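Taken verbatim from Swiss-Prot:
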- 1-22: signal peptide (SIGNAL)
- 35-40: disulfide bond (DISULFID)
- 42-112: domain 'SH3' (DOMAIN)
- 58-129: disulfide bond (DISULFID)
């Protein structure tokens, strides 16, 4: 009887892993960002990649020269050189949406969709890796 309870406990613990099993928080790139709305759900602008960029870790997007990039946020302060967005083909293609960061210097903004007038505080989920 005691062994069956121990076995049941082991099975239950292995079936429900802890909160860190699905991903991990990464260091914040910035404390604040500018967006088109409070949720940063509307794109600010559309840009074209001027060069290739290989993501150094899971917070960033790998971008290829010529790809269309939808910009959803622009980091402020120490992270001001990075913007957040999605590459065409990921967000509007068949695959799941993938948002990430990239250096603002590798893109050229071609079309403004909404002004980035909303100052939003970043949180742990902005830099969380799956």
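In case you wondered, yes, glycine gets a Cβ from its N, Cα and C as well.
Mapped onto this structure are the features recorded in Swiss-Prot.
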residue : record         : Cβ neighbours (10 Å)
35      : disulfide bond : 22
40      : disulfide bond : 21
58      : disulfide bond : 15
129     : disulfide bond : 12
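Residue 58 (disulfide bond) and residue 35 (disulfide bond) are 21 Å apart (CA-CA, integer value). Here the domain 'SH3' (42-112) has, by DSSP, the following mix of helix, strand and coil residues: 6 helix, 32 strand, 33 coil. Regional average pLDDT for the domain 'SH3' (42-112) in the model is 90.
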